[in-house]
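Take a look at the structure set out below.
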Amino acid sequence: GVGFKAGVKDYKLTYYTPEYQTKDTDILAAFRVTPQPGVPPEEAGAAVAAESSTGTWTTVWTDGLTSLDRYKGRCYHIEPVIGEENQYFCYVAYPLDLFEEGSVTNMFTSIVGNVFGFKALRALRLEDLRIPPAYSKTFQGPPHGIQVERDKLNKYGRPLLGCTIKPKLGLSAKNYGRAVYECLRGGLDFTKDDENVNSQPFMRWRDRFLFCAEAIYKSQAETGEIKGHYLNATAGTCEEMIKRAVFARELGVPIVMHDYLTGGFTANTTLAAYCRDNGLLLHIHRAMHAVIDRQKNHGMHFRVLAKALRMSGGDHIHSGTVVGKLEGDRQLTLGFVDLLRDDYIEKDRSRGIFFTQDWVSMPGVLPVASGGIHVWHMPALTEIFGDDSVLQFG
């Protein structure tokens with residue numbers, strides 16, 4: 001005999017381990033699980049742990065060639081979601097060895113990969129991740145961080161002000177640059193390429209970069225302040241993206257921009273490394289986030305995408321407004337804003353923080369309040385976001 005029986009077997013025999021003591025090096029995940037009718041929560045939680053780590057639907061002889069105990073994910077705690085029928089929070093611990101160092105891409109491929117299409121689950125949402133210092137230390141994180149950015153800009157003790165150039169599509173490069181100049185000359189710290197602006201027929205990227213650089217230098221000379229424009233380097237290939245970042249560096253501008261979800265984490269980490277090596281700040285836009293995070297019972301909460309961005313690298317990230325035109329709950333927003341900026345964040349379920357997170361010395365990211373805000377929102381925004389933020393109007 002081969003020492004095992006073939007056939008479909010229950011996951012909970014192997015992957016549900018309520019007695020497990022989590023290790024400091026484990027990556028911990030909190031999932032909101034909605035099992036199919038008739039599937040017990042233990043089986044559903046164990047299935048999540050299995051499918052996102054070493055498990056497959058049956059036993060195979062090659063299982064005997066490794067130590068599954070060392071490499072398997074473990075569902076170590078399950079609790080019902082208060083106020084929801086047939087929903088459970090399932091906590092899963094993953095051994096550190098399952099993940100490639102310095103790769104957000106690999107981390108997500110494992111934790112939020114095939115398991116989300118799993119038949120035994122009606123829906124699945126990743127609510128939070130605890131990233132241990134042993135793993136976060138394998139990432140560079142933000143190219144510069146909040147403190148270095150303030151030193152570069154020589155602006156302290158207040159939120160930074162920005163606006164997005166509108167109409168976002170259709171202006172020629174020359175007129176676009178003119179709008180940038182007027183905004184910066186009028187007192188803003190930053191202007192921004194809309195995320196839709198890459199390199200379209202009506203305005204190619206190189207022309208835009210040139211006229212925006214001119215606007216920056218002219219307004220700097222006239223105001224005596226350091227100015228910036230988020231030049232969108234997002235492109236169809238990594239090579240093209242880096243080419244745009246190189247051109248921005250050659251122009252001597254202070255900051256470039258990237259859409260990190262549509263561009264992908266591999267491209268984002270590549271760009272962040274380039275920005276760090278070349279003294280460019282990196283502004284991150286989150287186009288596509290609502291596809292992933294808007295459903296309450298399926299997908300991923302934005303706090304997970306925010307943590308992933310801090311690891312991958314970015315100096316600014318759009319993080320909702322609470323008061324503008326787009327959706328966002330106040331307490332939960334404050335929770336992930338702290339996760340972006342602070343070194344050490346205590347577990348606090350009222351703010352959606354499922355785990356205590358210790359970033360040790362990884363630089364912080366400035367949250368950007370953007371999306372349908374105007375001057376009447378100022379008092380609320382400064383109260384919610386405090387000094388370390390970018391208020392992005394328009």
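From the backbone N, Cα and C atoms, a Cβ is placed for every residue, glycine too.
Feature annotation from Swiss-Prot assigns N6,N6,N6-trimethyllysine to K5. If you look up Swiss-Prot, you'll see N114, T164, K168, R286, H318, S370 marked as substrate binding site, on the strength of similarity to another entry. Look at Swiss-Prot and you will find K166, H285 tagged as active site, proton acceptor, backed by similarity to another entry. The N6-carboxylysine annotation in Swiss-Prot covers K192. Annotation source Swiss-Prot lists Mg(2+) binding site at K192, D194, E195, citing sequence analysis. According to Swiss-Prot, the site 'Transition state stabilizer' annotation covers K325.
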Students should find that the Cα atoms of H285 (active site, proton acceptor) and H318 (substrate binding site) sit apart, in Å rounded to an integer, by 6
Closest by Cα to R286 (substrate binding site), out of the recorded positions K166, K192, D194, E195, is E195
For E195 (Mg(2+) binding site), the close recorded positions (Cα within 10 Å) drawn from N114, K166, K168, H318 turn out to be K168
Starting from the Cβ centroid of K192, D194, E195, the recorded Mg(2+) site, name every other residue in that chain with its Cβ within 8 Å, sequence order please. T164, I165, K168, D193, N196, V197, Y230, N232, M257, H285
Of N114, T164, S370, which of the binding-site residues has the most Cβ neighbours inside 10 Å? S370
Using all protein chains shown, find which of the recorded positions K166, K168, K192, R286, H318 scores highest when you count other CB atoms within 10 A of its CB. K192
Quick check for you: of the binding-site residues N114, D194, H318, S370, which have their Cα within 10 Å of the Cα of K166 (active site, proton acceptor)? D194
